[in-house]
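Summarising the annotation, Swiss-Prot assigns ATP binding site to GLY243, PRO244, THR245, GLY246, SER247, GLY248, LYS249, THR250 and lists sequence analysis as the type of evidence. Summarising the annotation, Swiss-Prot assigns Zn(2+) 1 binding site to CYS452, CYS455, CYS492, CYS495 and lists sequence analysis as the type of evidence. Taken from Swiss-Prot, the feature Zn(2+) 2 binding site covers CYS461, CYS464, CYS479, CYS482, and the record attributes it to sequence analysis. Residues annotated as domain 'Helicase ATP-binding' in Swiss-Prot: 230-396. According to Swiss-Prot, the feature domain 'Helicase C-terminal' maps to 487-643. Annotation comment: Swiss-Prot describes 339-342 as motif 'DEAH box', evidence class sequence analysis.
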Amino acid sequence: MYYKVAVSGSGKVLNVFSSEELLIGERVWLNWRNGKVKGYVLERSLSHENEATPSERDGKSFLSEGHVEIAKWVSERFFSPLGMVFDLFFPQGIDDYKEEVVVSESPFLDFDRMTLRDFLENFGEKALKEMVKKGLVRVEKNFYVKEPRPRVKKRLFLKKRISEIIREHLTVKQRMVVEYLQFNDGVPLEELLEDLEVSKSVIETLQRKNIVEIVSGDVFPKKRRILRGDFKGNISKENLFFGPTGSGKTEALFELIDVYSRKGTVLFLVPEVSVLTHTLSRLKGAFPDLKIGIYHSYLSRARKNLEWYKAASGKIDVLLGTRSAVFVPVKNLSLLIVDEEHDESFYQHTRPSYDAIVVARKISEVFDVPIILSSATPDLWTYREAKEGRIRTFNFTRRFGSLSVEVVDMRNEEKIGSFAKKTLDRIEETLEEGKRVLIYVRRKGFWGRVQCEVCGYVLKCENCDVSLVYHSDTHSLKCHQCGREYGLVESCPRCGGRLVGRTAGTERVERELKRYFPTRRIARVDREVVDNIMELESYIDKLIRGEIDILVGTRLITKSLSVPEIGLVCIMDVDSLIFNPDYSSSLRTFQLVVQALGRASRGDQGKAIIQTYNPEDTIIRKALEEDVNGFYAEELERRKALGYPPYRHLIQVAVKSKNPEVGKNSLTSLKEFLKGEEVLGPVEHWVFKLRGFYRHHLIVKTEDLERVLPKLEKALRILGIDAIVRVDPPTLEVSD
């Protein structure tokens, strides 16, 4: 029998002959070109050409024909190599957790299955080959997981009230345990250690502090939490949960999980690990009896494979994960949920590129399961389809808290450093009320750029066409694209004029605040001080516990941060977001401002302040009014007139080269090949030089991807151009 097999890590498809019947979606290892490659069985082939020979196979497939259909579709829709797309369905290292078994296919054999090792010891390799050839046995891989043996469970409980624990001096990991137990008091000890990836020594220390206690056995019956039952809607195939922060969207999602987890496995996608950690705690608190798996990039290889296997084998009720979890072949899928579906993190820019939202909707279609997209500021594609009735909309309104927003016109205000005096007054008032303050700054570093005040020259990285950022703690200039650091220079290298800092970054804002409020506890969160999600969680924990009064940060701090103690949110330098040279900058700014303001609406009387030199800008005005519908109507009208998504698709084709003329000429040739299509460019990318390479790109606008993408693929192949292709990226400014 002949089969078409997609080669792992590439776009190559081989025609393969196998004496054994192969399963659709099964992994096979092929002898090809003097080596061995992994492949995925696509379908039976009518061609009798034999390009490679199978040497090994799984013997079973975790992927159904539906998954194969999805892989083909994703490859075509996002111009991603088919073999690379198939690789996304499996975690790295999955083959470290397998054993080969021989399975009987004949009633006359005296065994049902035995390990390959035992079979070879008893019968030998020659017998195995003969029996496989005759169809008497088959060899398959049994993927195993090392799960603990059943035993009496030890459960962990808090012994002290939270008000008492707050006064204790705890490490970051100890605080993580306490916060987890706030939602999940009485959780099995092994489950907590697995979820938080902490050692038993952390628990032992908390025991010595008399904060927790361990009790053996099931000391209370497990049960589902009785939910409010406020959500009465009957969902359709595709649904949008649309409403501001605090409107009850999450509670409604939990009620649906309560229903659909009884029917199968719920796949719950979130944009970031920080959001996942908080959602996991809430889920376990609401459903202590549910088996909840997690899947994200910070898991150890062993843990990730374990979680994947459980989901693929139908051993969990809910799989909670970030972008990559959309490809886990969940067995008996009953419901798809995408929270914060507007977030750009759902798009993978590196090859193979894809949009997890679009993939999730395709999964919903292929496997005929409902999907919920939830957001206060939906993606424009989603919003347009909802308005046109193709997606059912459930509107939610805020049930608690109110928000007072003040716009500070920086043209007319008295300024003290990076702040208006009015802003500093509001910060002081908030602190006097015992509330916390959150300050959003777009850039990290001390100064966003260093510029000559005489000729205007901006210091840039030699490898990248990017302005250097001054960091006061190291007294150095740093490129935040390639990471190269430079020593300080005293004068302008062009004219000898005086160099000055422009556009305050997080370091500068933090230092100013420490000068204005010397007795207050002020911290900074950006990628320079936070390396992983656990560190970010520790800052949030300190904010909740009152160990931080003012938290300064970049976009990190706007990601679903739920802290009722926040009394004021300040947004600095909003203008730099609005005037970013990207077709999506207005929408991205609006979404960020609304999401940031949502952090202040968790409390009883939240306040926010926005510093701007353009107070009449539509984006700011609509965001203040939380007029999502009004802003989206205007944005849709603008994009329709300009031919941008969601009315037309955008295909970005980018190249990089050591010689700038080479890249530009290659894209010029490509444009000629695409004659008849609407093509913008080629032009220099606004980050023209990056890591020593010069970058050019062009944009293709089309309403018909199925027609244009094959044409583009043919052109790139004939011209021999190695390009990065992104279909409908949320932004065009991402570096390669």
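The backbone N, Cα and C atoms fix where each Cβ goes, glycine too.
These numbers come from a predicted model, not from an experiment.
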Work through the binding-site residues one by one (CYS455, CYS461, CYS495) and name whichever has its CA nearest to the CA of GLY248 (ATP binding site). CYS461
Considering only the binding-site residues CYS455, CYS461, CYS479, CYS492, CYS495, which residue has the minimal Cα-Cα separation from LYS249 (ATP binding site)? CYS479
On a C-alpha basis, identify the one among THR245, GLY246, SER247, THR250, CYS461 that is nearest to CYS492 (Zn(2+) 1 binding site); the candidates are the binding-site residues. CYS461
For the motif 'DEAH box' (339-342), find every same-chain residue at least 6 residues outside the stretch whose CB is under 8 Å from a CB in it, and list them. 250, 253, 268-271, 275, 279, 357, 373-375, 377-379, 382, 559-560, 591
What DSSP reports for the motif 'DEAH box' (339-342) is 0 helix, 1 strand, 3 coil
Within 8 Å of the Cβ centroid of CYS452, CYS455, CYS492, CYS495, the other same-chain residues by Cβ around the recorded Zn(2+) 1 site are GLU453, VAL454, GLY456, TYR457, SER491, PRO493, ARG494, GLY496, GLY497
Chain-internal residues, separated by at least six, CB under 8 A from CYS495 (Zn(2+) 1 binding site): CYS452, VAL454, CYS455, TYR457
Drop a 10 Å sphere on every Cβ of the binding-site residues CYS452, CYS455, CYS461, CYS479, CYS492 and tell me which sphere holds the fewest other Cβ atoms. CYS455
CYS479 (Zn(2+) 2 binding site) and THR250 (ATP binding site), Cα-Cα, nearest whole angstrom: 40
Reported as an integer number of Å, what is the Cα distance between PRO244 (ATP binding site) and CYS461 (Zn(2+) 2 binding site)? 41
